[in-house]
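Note sheet for the following structure.
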Amino acid sequence: MKTKIIVIVGPTAVGKTALAIEVAKRFNGEVVSGDSQQVYRGLDIGTAKASPEEQAAVPHHLIDVREITESYSAFDFVSEAKMTIEDIQSRGKLAIIAGGTGLYIQSLLEGYHLGGETPYEEILAYRASLEPYSDEELAHLVEQAGLEIPQFNRRRAMRALEIAHFGQDLENQEILYEPLIICLDDERSQLYERINHRVDLMFEAGLLDEAKWLFDHSPNVQAAKGIGYKELFPYFRGEQTFEEARESLKQATRRFAKRQLTWFRNRMQVTFYQIGESGVQDRILSQIEEFLDD
């Protein structure tokens, strides 16, 4: 019997953390971060971690589990998330995955057998190589490979091509979870306004000092490549004014949000909710209750 879990995804600044905490309080749950940057200690503001008060109110996992000099991959996330979910379930609680790193969350839900002969990085690279293809081009590749896909869609086509490419190593995947995947969204203009406002609040909270600390200590590590830090490095090098760097960060974050939405729309089976609609939280909570009672 598969473990039921709640998954909350969506673009940056849309309110995933607040909803995850509300769901955890309502359904006796704990939050597992699905964010590739929140694993790093010392990077709190730019990664929009839950506040100490929020983390005290509801247990959070996979936050502050790496030093900034350490690497972190989808392989690491899947391995650690599986152990964390098992621990949460063993205590009779509900696991709530919340974050915006679509690759990590999809890899967890699709249950790739990470101990197989095919290196996980090869699987991810092949998957990324398929992303630029249109639906028609993917359909042609499927036909060329002699594959049959009832009710064609991108997700099924790409999955079939991956299995055909790598063979049994992928076919022997282990699906452990029955997820309800909720994707929060907002009107584009409203979302961009939220992003711009949150960036301003981050600067008020000390983002510049946090980014300067990272720049001074480890400017070339994986942790420094995330949105929220590298956009400020030209300012520290004297190549941009502060206002130029701040606008660059806002623009990069808006573009990132657009890419996130594209991923969730094309690669995962989600239920979309517009956060600006009246009564949306009550409808989400009702759907979760029905899912858990089923």
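Every residue gets a Cβ built from N, Cα and C, even glycine.
Predicted, not measured: the structure shown is a model, and the values here were computed from it.
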Next item on the list: From the ranges 35-38, 51-54, 115-118, pick the one that Swiss-Prot records as region 'Interaction with substrate tRNA'.
Entry: 35-38
Checklist line | Listed binding-site residues (ALA13, VAL14), ranked by Cβ neighbours within 10 Å, top entry | finding: VAL14
Check: Roughly how many Å separate the Cα of VAL14 (ATP binding site) from that of ARG127 (site 'Interaction with substrate tRNA'), to the nearest whole number?
Finding: 27
Notebook entry, point to check: Roughly how many Å separate the Cα of THR17 (ATP binding site) from that of THR101 (site 'Interaction with substrate tRNA'), to the nearest whole number?
Noted result: 13
Notebook entry, point to check: When the pLDDT values for the region 'Interaction with substrate tRNA' (35-38) are averaged, what is the result?
Noted result: 97
Check: Where's the emptiest Cβ shell within 10 Å among the recorded positions THR12, THR17, THR101?
Finding: THR101
Item checked: Alpha-carbon spacing, ALA13 (ATP binding site) to THR101 (site 'Interaction with substrate tRNA'), which is rounded to whole Å -> 13
